[in-house]
Amino acid sequence: MAAQLNPFRNAFRLPSKQRINWFPGHMTKGMRQIQQKLRNVDCIVEIHDARIPLAGRNSQFFDTITGSGVKPHILVLNKVDLLGAKQQKSVLQQLRRQQPELQHILFTNCKDQRNNGVLDILPLATRLVSESSRFNRTQAAEHNLMIIGVPNVGKSSVINVLRNVHLKKKSAARVGAEAGITRSVGERIKIQENPPVYMIDTPGILQPSIKDDEMGMKLALVGCLPDHIVGEDLIADYLLYWLNSHRKYDYVEMLKLSSGPSDDISAVLAEYAHREELFHKVKQYDGRVEVMTNLLAAARKFIHFFRSGQLGHMNLDEPSGFR
């Protein structure tokens, strides 16, 4: 069968001289604090966004944290409701091809406290700790779990859900819908009485330099970077590129585009903004005020449709639908 030609862009390129990097001072401080506390940590729980199972995971950093596999390690892919159940098997295959040593992977949805993945975290961690050698630990009766991962993947939410499920207590870790809410390594938070289990929340940490532009755009699209670092217009353009390259055209109906799929983000946003009456006043150089379509508001709406799952289930790391 002949390969289907791609009528859209076959690659996404950033504007000239633009690079995606976000490594504020609190990340450097957080890395230092994490390494200082590792001595008394029994198990590493890595939280990541299920929609980007590969993008943004710094294997070198995690090797350092886990002592190249000496400390037990659980990978928790959160926000699985936005990935979808049908894609879980292929995600597991992707991960194990890239990182064969990964043995313990859970899918979680912190919006559902009865989610099996959430409920499996503590029993699995407890078993792994009991089976491992616990070096430099003076209080063997306690289990200390450290939560790590990139920003805005639900690390604090996981802690709060586990605390509520096992202790029936309210939230203890700050959460938010944007990257960078947790800015330092926190104190131990108790999440279980018997045996005593504590969790240590940590700030989201990215690679100091993101050399792969598309990986950076994936991180931006799911919200691991603050939107203003990259720009909503560029994030919306990458979303359009990704949807087209994977033959996912539900956005046409969602945005009510009259001309069908398009590769022109400016035209897409302009048509949507006009239809939804998204306008703003712009003062011109001569003092006149003109009413214009608000492309930024339209871009934010488009991104919201993706992040809320209204465009369907997505694995941003799946291969393109075109060859």
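Note that Cβ sites are derived from N, Cα and C of the backbone, with glycine treated the same way.
Residues annotated as domain 'CP-type G' in Swiss-Prot: 31-208.
Secondary structure from DSSP puts G154 (GTP binding site) in coil. Residues or ranges marked as GTP binding site in Swiss-Prot (evidence: similarity to another entry): N78, K79, V80, D81, N152, V153, G154, K155, S156, S157, G204.
Feature annotation from Swiss-Prot assigns phosphoserine to S308 (among others). Counting only same-chain residues six or more apart in sequence, none has a Cβ lying under 8 angstroms from the Cβ of S308 (phosphoserine).
Marked as phosphoserine by Swiss-Prot on the basis of experimental evidence: S320 (among others). A sphere of 10 angstroms centred on the C-beta of S320 (phosphoserine) encloses 13 other C-beta atoms.
Of all the Cβ atoms in the protein chains shown, 27 others lie within 10 Å of the Cβ of N78 (GTP binding site). All chains included, 26 other C-beta atoms sit within 10 angstroms of the C-beta of S156 (GTP binding site).
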